[in-house]
Amino acid sequence: MNAIQMTLLVCGLAASALASPAAKLLPETPFISCGADTIKTLEVVGCASLPCILRRGTTVTLNVDIVSNADTATLASEIYGNLNGVLVPFSADDQACSSLTSGSCPLSSGDEFGFTTSVDVLNEYPPVSVTIEWRLKDASGAQMACAQIPARIM
């Protein structure tokens, strides 16, 4: 699949997903929920419309407000780039409780908390359309939150 086909595919998927009643649109950054419906707000700093433009050589920050769906003492965060169905790891943090901006671990089901993380967009990354997939897992490894954000690395 060439770059033009991939761009058209990602844009088409994003448009159809965002038109779906199941899509979650928030004022900060539009995203597609890919799991438990626990995300209250999500912001990719500097991105108010899709696809998010990720410039090589910069650091991108993700801020999320979440409602816990389980009791947990720990959190783990994972960020992947989904390239045509292949998940490429961007970042992982198995000590994500240290990245809470509000609330604290341990968390109880129903607790609201804020989370932030940053990922470097390396100069080595090719300019390509990609779907960023962010996951937050509880102590048992169960998914607490998941968001997909169509993006373009430039």
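Cβ coordinates are placed from backbone N, Cα and C, and glycine is handled just like the others.
Unlike curated entries, TrEMBL annotations are predicted automatically.
According to TrEMBL, the feature domain 'MD-2-related lipid-recognition' maps to 31-151.
What TrEMBL records for 1-19 is signal peptide.
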Problem set entry | Per-region confidence, the domain 'MD-2-related lipid-recognition' (31-151) (mean pLDDT, whole number) | 94
Exercise. DSSP says what for the domain 'MD-2-related lipid-recognition' (31-151): how many helix, strand, coil residues?
Worked result: 4 helix, 73 strand, 44 coil
